[in-house]
Amino acid sequence: MAQDNFSQVTEFILLGLSDTQELQLLFFTFFLLAYAMVLLGNVLIIVTVRTDPKLSSPMYFLLCNLSFIDICYTSVTIPRVLVALLLGHKAIAFEGCMAQLFFLHFVGSSEMFLLTVMAFDRYTAICRPLHYTAIMARGVCWALVAACWLGGFIHSIVQTVLMLQLPFCGPNTIHSFFCDVPPVVRLACADTTLTEWLMASNSGLISLGCFLVLVASYTLILAKLRAHISQGNGKALSTCVSHLMAVTLVFMPCIFTYLRPAGTLPTSKYVCVIYTVFSPVMNPLIYTLRSSEMKGSMWRLWKRCRAL
């Protein structure tokens, strides 16, 4: 792969978040706890939704898929970071770096599309309740989820192909804890202006476009709920608030990172922690603590497990 695009670099060095020994121990603990929370929280959501017939609505079907995506998303980066912090091995092969970049954008963009679908689901449930069952039928939900994965795959293929066209023949130090477009493209031994604009148009416009659709859908939802304050609408409003919290954690850092060429401003590696670690950790908490149905189902699952 490195030979095909005339690269002489065979590996990259991931500097991580800090070289200080004490901070590395702190970061190892943080990433380990975060990964454990992501796995436990999202597996719990998946098991709860799959085992409780009361959670058969499209909203929980989509939530189950979001949990699966969060598990995949964090598994692309965090295990590699834990090994590097524990063993001090910061090198990653050129092929491994490109693979990490591909899967990061594949799963990450699929999550953006899925969050947009979840916003459409809430809009349909609140603004068009009489047609909700027909619009969000199970077959439609499966098709929407498949479209999210397909869209993420196409986006990631484009990013990876653009990256593989660049020659890497000199610096190989990446000022981050994982391989991503902005820090890697700066290492290319060529004029990357056009490539950077193409990548910004791809990743940045996807992030911004999905975010604008989400804002529009929630604006319509809030306008619908404003004149009808009731217990049912209060529950719907609570669901929308939790979704907005998750959306903000995902989209704002991504828009800041990708909606500009990589060489214009340096990308903070600490900002990357928000959408690669913090957001997947918070999603299970946001969706479970704000949902009385999820909490009730988890309590029933706990009692069944104790009875075994």
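Count begins at 1; order follows the chain as displayed.
In case you wondered, yes, glycine gets a Cβ from its N, Cα and C as well.
Record features, source TrEMBL:
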type	residues	note
DOMAIN	41-287	domain 'G-protein coupled receptors family 1 profile'
TRANSMEM	25-47	transmembrane segment
TRANSMEM	59-78	transmembrane segment
TRANSMEM	98-120	transmembrane segment
TRANSMEM	140-158	transmembrane segment
TRANSMEM	204-225	transmembrane segment
TRANSMEM	237-258	transmembrane segment
TRANSMEM	270-289	transmembrane segment
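By the Cβ criterion (under 8 Å, sequence separation of 6 or more), the transmembrane segment (98-120) is in contact with the transmembrane segment (204-225), since 3+ such pairs are found. By the Cβ criterion (distance under 8 Å, sequence gap of 6 or more), the transmembrane segment (270-289) is counted as touching the transmembrane segment (59-78), at least 3 such pairs being found.
A Cβ distance under 8 Å defines the sequence-distant neighbours of the transmembrane segment (204-225), meaning residues of its chain 6+ beyond its ends; these are 109, 112-113, 115-116, 119-120, 122-123, 126-127, 155, 233, 236-237, 240, 243-244, 247, 251, 254-255, 258-260. Residues belonging to the domain 'G-protein coupled receptors family 1 profile' (41-287) score a mean pLDDT of 85 in the model.
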